[in-house]
Amino acid sequence: MDFSKLPKILDEDKESTFGYVHGVSGPVVTACDMAGAAMYELVRVGHSELVGEIIRLEGDMATIQVYEETSGVSVGDPVLRTGKPLSVELGPGIMGAIFDGIQRPLSDISSQTQSIYIPRGVNVSALSRDVKWEFTPSKNLRVGSHITGGDIYGIVNENSLIKHRIMLPPRNRGTVTYIAPPGNYDTSDVVLELEFEGVKEKFSMVQVWPVRQVRPVTEKLPANHPLLTGQRVLDALFPCVQGGTTAIPGAFGCGKTVISQSLSKYSNSDVIIYVGCGERVNEMSEVLRDFPELTMEVDGKVESIMKRTALVANTSNMPVAAREASIYTGITLSEYFRDMGYHVSMMANSTSRWAEALREISGRLAEMPADSGYPAYLGARLASFYERAGRVKCLGNPEREGSVTIVGAVSPPGGDFSDPVTSATLGIVQVFWGLDKKLAQRKHFPSVNWLISYSKYMRALDEYYDKHFTEFVPLRTKAKEILQEEEDLAEIVQLVGKASLAETDKITLEVAKLIKDDFLQQNGYTPYDRFCPFYKTVGMLSNMIAFYDLARRAVETTAQSDNKITWSIIREHMGEILYKLSSMKFKDPVKDGEAKIKADYAQLLEDVQNAFRSLED
């Protein structure tokens, strides 16, 4: 296969910007004659023009981490400096695409090379220059208007789900001297021309942004709207907000990937950026296979989920260094859509692999290792990544709000949560969904351990719940109490058996079992249970807690009388009711609809109350 006809880099070809390779150690290359280079500057190494980034400067020597396989690079090979940092292209064409860690479009490379492998040093622009997009300028913008960074000056309907708002890059401003009329343009055509202090500047629909730099915002806002995931255990007990940070640590086979994929499929976000960094390739191929087939209903129209998703896939034949780049590429894409006023969710699967890449690079640079060989700055790197989440007031006009929610999967070796990456992550994130190996072995999925998980957003969401689901907060508190009590009783039951427990404790055990098996457990592969809307979650919990309260009251009020009501009597008389309670989850929100499900649950509550009345009479 002849790769020589593929495009090469076109940035700068001046002889003065060349250095020379001095030494090669895996993905780390040292180069000399690099005086005047900057930290994190993008370079091209060797005759194949491999992409690299400067990570250390000493005198005229530069240490470069290379994002491609370095075999064949020899001492004395040229190192071309590009004079700019590692950046991504932001513009129409991102949605539905799949990029590698340094934003090379994998499908375009595949069609150009006719090969399943990525050739080294390939240089394909991230956003296709051949596709024409229909550009509509903003109504209130004309020649002579003043415009500043972040202002929306046009709209491109990227697909039926995403209106791509074309914004002025944050650092530019000026007076409009030309704006393109409505029509079809490709991403290299000039659609806007500004004049500022006598200097004219032309803009296309694409802006370039350095990945390590946070995109500016007007102000950060407190997050107060829940990120509804469709998973009952997460929405009810450990909610996350739009603009929050979440960690999902869990051992191999606990279901981290299924949770992050179901978040991508069913959460109430407008845009999903899914970063697979260093995980197994079959997980990314599963995403690629499933997502185009998955649909969601928007205003009565069925749409493919891929239309609101961009994938950043670190292919397995890329060296470890690229894992770091893929995390930054993903978060920069997320911030760009946030600036348009969208609510974005970014899934990073898995941040442990990224930390391992940091460890390897740090080892090759001979830095002092800290805990488990990870570098001492691991916590700071993780924090700088998670801090880019949040709900914000976006820069520019018209006024708009956007948010970035980060969900990071962590894979501690052997499921050990005291691992440095897990403990550093838990110090930063606000929501912790801890997955339990024992639950996974019992086939209880999602295997979120309700005793060790927590969410620090409970208070922030109280206002939302009071407004929309007034009865929910006390229900959640009661459910947590029941689950905690059941855990305390489990030890006693093992010693003395169930029979010798108090009647109220027997009720607690049975209702806890009901909550665990028929509320917290959820089968992600069935049409009725793969996604649970919040009204259904509240309805189910409400009926279970109502049964618990009525059963306890019946037992306590008749404890002193002659015809005592015990748990065995309740169970005998209410087999039908218990069966109905445990089969509440089989209502299909798509087929049955909200009104019918709510009516059925209300009817069941009435049946429960009537059954207890007749029992007491």
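Cβ coordinates come from backbone N, Cα and C, glycine included.
Bear in mind that the values here come from a model prediction, so they are computed numbers and not experimental data.
Per Swiss-Prot, these features apply:
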MOD_RES   Thr136  phosphothreonine
BINDING   Gly250, Ala251, Phe252, Gly253, Cys254, Gly255, Lys256, Thr257  ATP binding site
MOD_RES   Ser384  phosphoserine
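Structural mapping of features recorded in Swiss-Prot.
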| residue | record | contacts (Cβ under 8 Å, 6+ apart) |
| --- | --- | --- |
| Thr136 | phosphothreonine | Gly154, Ile155, Val156, Pro182 |
| Gly250 | ATP binding site | Lys256, Ala409, Val410, Ser411, Gly415, Gly434, Leu435, Asp436, Lys437, Ala440, Ser447 |
| Ala251 | ATP binding site | Ser411, Pro412, Gly414, Gly415, Leu435, Lys437, Ala440 |
| Phe252 | ATP binding site | Ser411, Gly415 |
| Gly253 | ATP binding site | Lys437, Ala440 |
| Cys254 | ATP binding site | Gly415, Leu435, Asp436, Lys437, Leu439, Ala440, Ser447 |
| Gly255 | ATP binding site | Leu435, Ala440, Phe445, Pro446, Ser447 |
| Thr257 | ATP binding site | Glu279, Glu283, Glu286, Asn349, Ala409 |
| Ser384 | phosphoserine | none |
Coarse DSSP state, helix versus strand versus coil, of Thr136 (phosphothreonine): strand
Three-state secondary structure, which DSSP defines for Gly253 (ATP binding site): coil
Residues close to ATP site centre defined by Gly250, Ala251, Phe252, Gly253, Cys254, Gly255, Lys256, Thr257, Cβ within 8 Å: Ser411, Leu435, Ala440, Ser447
Where Ser384 (phosphoserine) sits in the secondary structure, as DSSP reduces it to three classes: helix
